[in-house]
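A short worksheet on the structure shown next.
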Number of protein chains: 2
Amino acid sequence: MSFIRNILNSRTDSDGNFFLKLKDILGFKPKSKSLYIKAFTHRSMNMKDKKGNAINYERLEFVGDAMLSSVIAAYLYEQVPHGDEGYLTKMRSKVVSRQHLNELGKDLNLIDLVQSRIPKSNFGNNIHGNLFEALVGAIYLDKGYKFCERFIYKRVIYPYVDIETLEGKVISYKSLLIEWCQKEKNTFDYEVYEDTGKDELKHFSVRLSINKKVVSKARATSKKKAEEKASKRAFFAFQKQMTKLI
Amino acid sequence: MSFIRNILNSRTDSDGNFFLKLKDILGFKPKSKSLYIKAFTHRSMNMKDKKGNAINYERLEFVGDAMLSSVIAAYLYEQVPHGDEGYLTKMRSKVVSRQHLNELGKDLNLIDLVQSRIPKSNFGNNIHGNLFEALVGAIYLDKGYKFCERFIYKRVIYPYVDIETLEGKVISYKSLLIEWCQKEKNTFDYEVYEDTGKDELKHFSVRLSINKKVVSKARATSKKKAEEKASKRAFFAFQKQMTKLI
């Protein structure tokens, strides 16, 4: 116990609002704080419990990955009664793809909560998805399946999972977004600028505004890709209104 | 509803004790009977619901597979605090291996409950595991995660999952069984006989008796394999007493 308290204290010292930020993401108060500390501890911290077992988020990823698979499986089973086993497997793998999990983790800024001895800029892109999985694992172990399911619905299914999109019926998010803006009499603007940053490859950044308000940003190696990415993000934000178009 | 009633009736006519047998396997009374009928309907029956969606166990396998993965993941996470992500993944894949699922389904005689237009003798070996997965899926959809978890503990984890065995510390079940018999002053006998049956390959069958009571049977392409298989089955039956030896 005193060990856990020490970690808690080190957290509190170094990052006073860890649990505040966390509560904001979770939408509930965590019961077992040590689980969430584990979910945001990188292996470079080299932490161990009394028995010498490593304390970091990697084992929690395994649990979170399994819970995501189950919840999405049951959701797709109910939602797509015509889909056979192969279809359901394919659809699930789209929802829990590495790329998608990374987006989910990035949108929640989970990387801000990590304790690590490695500079955060040195992490690869997969850190975002890994942290998201670990967080889901911690929620399951802390609060049980029902709670974990609710979190996945709130953070993955409601905002991001649309069967029509997954089926590839949406070819271009940009054209979908323009169509929607025209129909709803909204103005829109893609502000694109070259942005090399520290990368060797030339990058483009884009700010998409609807009715003069910035609704999404994105960065990619071509103008077209950056615009598509920003449109996709805006699509998710306005999903309910926009899916009526499809 | 009348459609479901028709299926129920056809079940009742053709196999009066379907739900009796099922209750025996489940250890509880099913709520949504149609789910279990689906779990034991082969695609050759060509059944469809009012909307034209196929009624057979294949989609339920997808759900059951996910639930098995989750429950085993959480179990291993708790049981093996020293195991890293790779270890946990490997251990789980042993528990839910095709071969193991087939054994589980076979031990419960699930094939007896199937409705099919194809003769049961024509099914491959995987039917046993597929039916087991479908049954687990039906339980989840019928009674929720907690119930499903309890079933998996009862039918998979308690009787079959032993970490030491999974880690490969048991090299030979036969020697383990002999050691245990000698220690406990039990007599044992492997009765082996050649048994070609309908197979092209020569097969051996073995009946293993402990204290003159047959405790397991097995069949394989060599005497040694058949003895080992029978010993393994006996091991699972006597697991609690025998694991003290390891």
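Think of each number as a place in line: the chain as shown, counted from 1.
Quick reminder: no glycine exception, Cβ is built from N, Cα and C everywhere.
Note: B:D65 (active site) has non-local neighbours B:V96, B:E133, B:V136, B:G137, i.e. same-chain residues 6+ apart with C-beta under 8 A of its own C-beta. Look at TrEMBL and you will find B:D65 (among others) tagged as active site.
Feature annotation from TrEMBL assigns active site to B:E133 (among others). Summarising the environment of B:E133 (active site), the number of other Cβ atoms within 10 Å of its Cβ, over all protein chains shown, is 26. Secondary structure at B:E133 (active site), taken from DSSP and collapsed to helix, strand or coil, is helix.
Same-chain residues at least 6 positions away in sequence with a Cβ under 8 Å from that of B:N130 (Mg(2+) binding site) are, in sequence order, B:Y57, B:E58, B:E61, B:L101, B:G105. Under the heading Mg(2+) binding site, TrEMBL lists B:E61, B:N130, B:E133.
Annotation comment: TrEMBL describes B:19-144 as domain 'RNase III'.
The domain 'DRBM' annotation in TrEMBL covers B:172-240.
Confidence for the domain 'RNase III' (B:19-144), expressed as mean pLDDT, is 94. For the domain 'RNase III' (B:19-144), the number of residues in each DSSP class (helix H, G, I; strand E, B; coil) is 86 helix, 6 strand, 34 coil. By a Cβ separation below 8 angstroms, chain A lies close to these of the recorded positions B:E61, B:N130, B:E133: B:E61. Of all the Cβ atoms in the protein chains shown, 23 others lie within 10 Å of the Cβ of B:E61 (Mg(2+) binding site). DSSP states for the domain 'DRBM' (B:172-240), grouped as helix (H, G, I), strand (E, B) and coil, give 29 helix, 22 strand, 18 coil.
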